[in-house]
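J.: Feature table excerpt (TrEMBL):
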- 200-302: domain 'FAD-binding FR-type' (DOMAIN)
- 423-508: domain '2Fe-2S ferredoxin-type' (DOMAIN)
- 6-31: transmembrane segment (TRANSMEM)
- 52-70: transmembrane segment (TRANSMEM)
- 92-113: transmembrane segment (TRANSMEM)
- 133-150: transmembrane segment (TRANSMEM)
- 156-179: transmembrane segment (TRANSMEM)
Amino acid sequence: MLDPAIWWYVTRASAIIAWALMVISVTWGILLATRVMKPKDNPGWLLDLHRWLAGLAVVFTGIHMASLYIDEYAAFTFQDLFIPFHSQYQKIAWLGGWPIALGVICTYILIAVQATSLMMKKLPRKYWKAIHYSSYALVLLVSFHAGWSGTDVRAWAYRITALTLITLTTVALIVRILFPKSAKTLSATVEGRRPNQKAENLHKVLVDRVTPLADGILGFDFVLPDRSNLDPWVPGAHVTLHLPGDMKRQYSLCGDPADRSQYSIAVLESPQSRGGSRYVHNNLKSGMSIEVSGPHNHFELEASSEYLFIAGGIGITPIKAMIESLPSRRQWRLLYAGRSRTSMAYTNELEDMFGDRVIVHADDEQGGRPDLDALLAGFNGHVYVCGPEPLLDALISKVPVDRLHYERFSAVDRTDDAVIEAFEVVLSRSNKTISVGKDESLLDALNENGGALISSCGEGVCGTCEVRVLKGQPVHLDSVMSDEDKDAIGVMYPCVSRGTGSTLVLDI
Ligand code: FES
């Protein structure tokens, strides 16, 4: 004989479990959004866990409501469960029907958040985001619902559980408020230093292996002389090779980030070489010593349920590290385009590993350029691109800026459309104001005034000279990332970017 109180037990247990799952899911989502665990986290499994917890919260909320309906003691009607303030249960003199009404409202918020997450790919990101943010209100309102309508509030176990969940909610919301920006901002904030104060992080490394990868492309593996661990990195990162004649060249890391024993890069000997790739090809031999700085990263993989990767030629290097780092269940496709298979590195390796997720487009086989419109049709996930300028320009015109992430091979001259004029900057740490002449770079002006900023390419591609902007609107003339991304995280690259007539305040 079934205990007649069984449904009441189910109601109470499922309510606490659903509450806990909501709080943990939101907390996990906050870790995902702020990346405070960076660089130890992995966006793939973090995102999966966040979704599973939220899905389970919906399931347990459903069990909670179903058992309330079945239980004869609580005697909830269908209307009580779905219409706020309809239930007469647990009315409190000074609150009226709010305790149960909050539960009904929370159910609708939970359904809205979960439904829009499932339809994320079909919704404009700003709408999805606005609804997703209501989950912060959800965890707060659920706490009030539990506190006012729960019948176990006098039990110690319940109180301890409730206190833990409320504390977790509060800490999570504080973290979200304090660290609202993306990982790029956080990396500097958490480490307590402004971006350009990163040590240049120069290592002497040995060339461990040189491997021909394709026509004109050599792979290089670098190790520390004592073969100890190198600095960690995440896909999208690059290192700077310090070559004779004060040449500094940036190359994306394309190995396995989990293998800390070596850095792997692939270098195309470019016909337009200014000397860097030619030197690397002709002079770097196994056993040689070379100086390397970094890794730095301005092309990080953001968490997404679906990706489209597009690589043109040697642009495969950061993309290869990205796709190899994703969990096997993550949805993605790669278009890898080049002139001919013999000039494209890693084609066989990628096709063997990932099968038909990888579309290799060799111009000499397919006769012409890939059909980007067909590839993008119906795709609403994030697009990551690394390749030559025409490919990037085509995608910039086709993909909304909030879903497009790219890395350029070389600087784009953006001065034609910009007003270049003298301006002033305030260095916030010393409260010093300096004037930057019309023909002078901001980087030079800063360094002449004690800025001691590190830099590398000097042409707005590598991102090494990054400084934080506290106030004012810079004129972005660099090619590091989209201007929207730079403004969102409040940075600029003073080797080429400048100020306008109004004063810029920099975190220096
Ligand atoms: S030094 Fe490379 S972006 Fe400024």
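Quick reminder: no glycine exception, Cβ is built from N, Cα and C everywhere.
Here the structure is a predicted model, which means the values were calculated and not measured.
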J.: Considering only the recorded stretches 6-31, 52-70, 133-150, 156-179, state which has the highest number of Cβ pairs under 8 Å to the transmembrane segment (92-113).
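T.: Most contacts with the transmembrane segment (92-113): 133-150.
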J.: Considering only the recorded stretches 6-31, 52-70, 156-179, state which has the highest number of Cβ pairs under 8 Å to the transmembrane segment (133-150).
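T.: Most Cβ pairs under 8 Å with the transmembrane segment (133-150) come from 6-31.
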J.: The domain '2Fe-2S ferredoxin-type' (423-508): mean pLDDT?
T.: 87
J.: Can you name the far-off residues of the same chain, 6+ from the ends of the transmembrane segment (6-31), with a Cβ under 8 Å from a Cβ of it?
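T.: Hits for the transmembrane segment (6-31): 37, 41, 46, 49-50, 53-54, 56-57, 60-61, 63-64, 67-68, 70-74, 110, 132, 135-136, 138-139, 142-143, 146, 150-152, 158, 161, 165, 168-169, 171-173, 175-176.
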J.: Let's see if you can do this one: DSSP helix, strand and coil counts over the domain '2Fe-2S ferredoxin-type' (423-508), in that order.
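T.: DSSP classes over the domain '2Fe-2S ferredoxin-type' (423-508) add up to 14 helix, 22 strand, 50 coil.
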